């Protein structure tokens with residue numbers, strides 16, 4: 001699955017232009033296929049995540065940044 005990975009507060013993982021950080025989060029930590037910093041949203045975005053990986057969803061948003 002694809003989506004925005006979350007931190008332990010349920011918030012999207014913030015980034016500015018650091019694709020390497022997002023790639024590490026998505027591929028190494030969450031076992032996805034690829035990751036990058038989605039510039040317009042300023043958040044990491046992952047592709048090819050396993051079903052167990054939690055991704056941000058507007059309907060279930062619990063982020064209290």
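In case you wondered, yes, glycine gets a Cβ from its N, Cα and C as well.
As annotated by Swiss-Prot, domain 'LCN-type CS-alpha/beta' applies to 1-64. According to Swiss-Prot, the feature disulfide bond maps to 11-63, 15-37, 22-44, 26-46, an assignment based on sequence analysis.
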Counting other CB atoms within 10 Å of each candidate's CB, the least crowded of the disulfide-bonded residues 22, 63 is 63
CB neighbours within 10 A of residue 11 (disulfide bond), counting all protein chains shown, number 16
Students should find that the Cα atoms of residue 46 (disulfide bond) and residue 15 (disulfide bond) sit apart, in Å rounded to an integer, by 13
Here the Cα-Cα span from residue 63 (disulfide bond) to residue 26 (disulfide bond), rounded to a whole number of angstrom, reaches 19
Taking DSSP H, G, I as helix and E, B as strand, the domain 'LCN-type CS-alpha/beta' (1-64) contains 14 helix, 16 strand, 34 coil
Quick note, residue 44 (disulfide bond) and residue 11 (disulfide bond): C-alpha atoms separated, nearest Å, by 11
By Cα geometry, the one of the disulfide-bonded residues (11, 22, 26) nearest residue 37 (disulfide bond) is 22
CA pair residue 22 (disulfide bond) / residue 11 (disulfide bond), Å rounded to integer, equals 14
Residue 11 (disulfide bond) and residue 26 (disulfide bond), compared by Cα position, are separated in whole Å by 15
In all the protein chains shown, the tally of other Cβ atoms within 10 Å of the Cβ of residue 44 (disulfide bond) is 28
